[in-house]
Structures are given as C-alpha cells and as structure tokens.
Amino acid sequence: MHRPEPSYCREEPTPCQGVNSTWVPPADTVPETSPTPSSPPAPDSPTPSPQPGYGYSPCEEKPGDPRIRRPMNAFMVWAKDERKRLAQQNPDLHNAVLSKMLGQSWKNLSSAEKRPFVEEAERLRVQHLQDHPNYKYRPRRKKQAKKLKRVDPSPLLRNEGYRGQAMANLSHFRDLHPLGGSGDLESYGLPTPEMSPLDVVEPSEPAFFPPHMREEADPGPFRTYQHGVDFGQEKTLREISLPYSSSPSHMGGFLRTPTASAFYYNPHGGSPACTPLGQLSPPPEAPALEAMDHLGPAELWGDFDRNEFDQYLNMSRTQGPGYPFPMSKLGAPRTIPCEESSLISALSDASTAMYYTPCITG
C-alpha cells in the first residue's frame with residue numbers, strides 16, 4: 001500500500017535558488033523550538049567600555065584595590081598597644097568599656113608623656129602623604145538607622161478628650177452656679193464621698209433675705225453656691241408647708257419654678273433615695289425643666305407623706321431676738337431609721353442648721 005508523502009517533507013523550489021548561492025536547509029531539518037516560560041531569553045548586556053564612567057566600569061576605584069586608610073593620630077598610636085594590654089588584663093570587658101577607659105587615661109597623661117606619640121603621628125602623616133599623593137578622604141556612607149516605632153497616639157487622644165470633656169463639664173457647672181467673686185475650685189464647696197452636702201454650711205451663719213423679698217412667697221437665691229444647696233432644701237420645706245398657709249394657685253406657681261440647685265441634687269423633682277448624699281448627680285438639662293413644667297400639683301404631691309414630715313417640721317411661733325421673722329426650732333439631731341429615704345434624713349439635718357422659712361406659719 002502506497003502512502004502519500006507528507007507536505008512538510010517535500011522540497012519546494014524557491015525563486016532565490018538561481019540568484020543566490022546561499023544554501024537554505026530544508027524545513028524538516030530545523031527543529032521547531034517553542035519558548036518555555038521557565039527559561040526566558042537573556043537580554044543583551046552592554047559591553048563594558050575601557051573609558052571610566054561609562055557602562056559598568058568603576059569610576060572611582062577598582063573593586064580589587066584595598067581601601068586606603070587614614071593616618072593614625074597621636075591617640076590611636078598610643079591606644080594601639082595600650083588596648084591590647086587592657087584587653088589581656090580584663091578579658092571580660094566590652095570593647096566600648098575599654099575605649100572609655102583608654103580615653104580617660106589619655107586625658108590624664110601630661111604633655112611630656114604625649115610628646116613621643118604626637119611625633120610618631122606626625123611622621124606617619126608625612127609618610128602617608130608621600131605614599132598616596134592623590135589621597136582624598138571619603139567617609140563611608142553611614143548605615144541607615146532603624147526607624148523608630150511610632151507610638152500609637154490613641155491613648156493620648158483619649159486622655160485629652162477626657163480632659164476636655166471634664167473641663168467642659170466644669171465650665172457648664174460654673175455657668176449654672178456662679179461664684180460670689182472667687183475663681184478657685186475650692187470655693188465650689190463640692191462634697192466628696194466622705195462628707196455630706198450639708199457639711200459645707202456654717203451653722204453659725206444666719207440666713208439672710210432682702211427686705212423686699214420677705215413679703216413675697218418665693219424669695220430668690222440670694223447666696224453663693226455653698227448656700228444654694230441649703231436654699232434648695234428650704235424651698236422643699238416651704239413647698240410642703242404651703243397647703244396650710246397658701247392657696248393651691250400659689251402652690252402651683254411654686255412647683256413650676258424650682259431652683260437650679262434643687263434640680264442639681266434632684267433633677268427629677270422626686271426623692272433622691274437611690275443616690276447617696278456624697279455623690280453628685282449630673283448637671284441639670286433643659287428636658288428635665290420641661291418635664292417638670294408639664295407635671296401638675298397633684299402628681300407632685302402624690303410622692304409626699306405629710307404625716308412623715310410633721311414630726312420633723314414642728315416650727316415654733318415665737319420670734320428670736322433681733323429677727324423680724326419666725327425662727328426654726330433648735331433641737332438635737334435625731335436618729336433616723338435606715339428604711340427611710342435620704343430626703344427625710346437631709347431635711348432632719350436641715351432642721352438643726354438654723355434654716356429660717358418665713359412662709360411656714362403652722
């Protein structure tokens with residue numbers, strides 16, 4: 001059976017055979033090589049030129065040439081042998097410690113002792129200049145120092161934010177309770193957990209109201225911040241005793257206009273039984289005042305028990321000498337059970353601190 005010859009084995013006549021005598025190999029003799037990704041073709045490298053400064057030729061010195069060292073000074077000449085002696089005497093010392101010891105010893109030498117080493121250093125300098133007339137000092141490039149790790153500034157920002165927030169709270173607190181001319185923080189009279197809010201009041205100092213405000217039912221806070229706490233409690237006493245001496249219409253006006261200090265220690269207008277006396281509640285906000293405005297007298301009076309306050313608010317009808325208004329009864333501090341609220345304990349302490357309430361008549 002005859003097989004046809006494959007096409008790649010045939011010799012096709014080319015038109016350049018008669019013109020050019022160059023022999024062209026047949027197509028089947030040239031092996032077809034496909035480029036593999038593992039062996040990429042090497043790029044053509046430029047041929048090095050004998051002229052310096054071109055291509056890959058070194059421009060300063062040949063790699064094989066040794067580096068020319070600087071001539072030694074007088075200290076180096078003296079320390080060359082002295083370092084060996086110290087290293088033999090103290091083999092456990094570090095090289096840096098030896099260098100410090102050598103430097104201190106060189107400073108302690110006199111000029112006469114340094115003279116031979118200075119002369120030897122000058123001789124070496126002249127010899128070095130003769131051996132290398134074209135020598136130029138080229139310091140080695142220093143190694144790049146390791147970059148210092150950047151400290152995360154988030155704790156600092158948090159601390160600064162906390163400090164700024166504390167200062168903002170202080171400024172808000174200063175706006176709510178202006179001082180009587182003192183700018184120190186001590187004059188705020190802020191109670192600590194170890195003291196009661198009533199401890200900042202001096203019992204010997206009497207309460208004072210202007211003459212034009214004695215006849216009014218609601219005297220304004222005519223005191224500094226330290227007396228603002230007491231005035232808030234006096235306000236509570238007057239509000240409790242109002243049903244016996246004033247009409248409900250006046251009472252509604254009192255309940256709708258609480259003082260800022262009373263709101264500071266009791267922002268919700270109720271009994272602060274859940275908050276210790278030594279701790280301060282957050283500063284008052286506008287929503288608390290608006291919520292207090294919407295409450296009626298009946299809702300507020302529902303939280304009070306008149307029978308409980310009658311045993312603490314027995315005020316005398318007699319007037320003290322020198323005071324044009326009734327004076328509260330001076331009595332010994334009473335022991336209050338633990339089950340009662342902290343508001344009752346605060347009012348019992350207030351009754352012993354010479355608070356004067358002109359509105360209470362019975």
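Glycine too: its Cβ is placed from the backbone N, Cα and C atoms.
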Per Swiss-Prot, the range holding region 'Interaction with DNA', considering 94-106, 341-353: 94-106
Which one of 70-83, 280-293 shows up in Swiss-Prot as region 'Interaction with DNA'? 70-83
Mean of pLDDT values spanning the motif '9aaTAD' (307-315): 63
When the DNA-binding region (68-136) is classified with DSSP, how many of its residues are helical, how many are strand and how many are coil? 51 helix, 0 strand, 18 coil
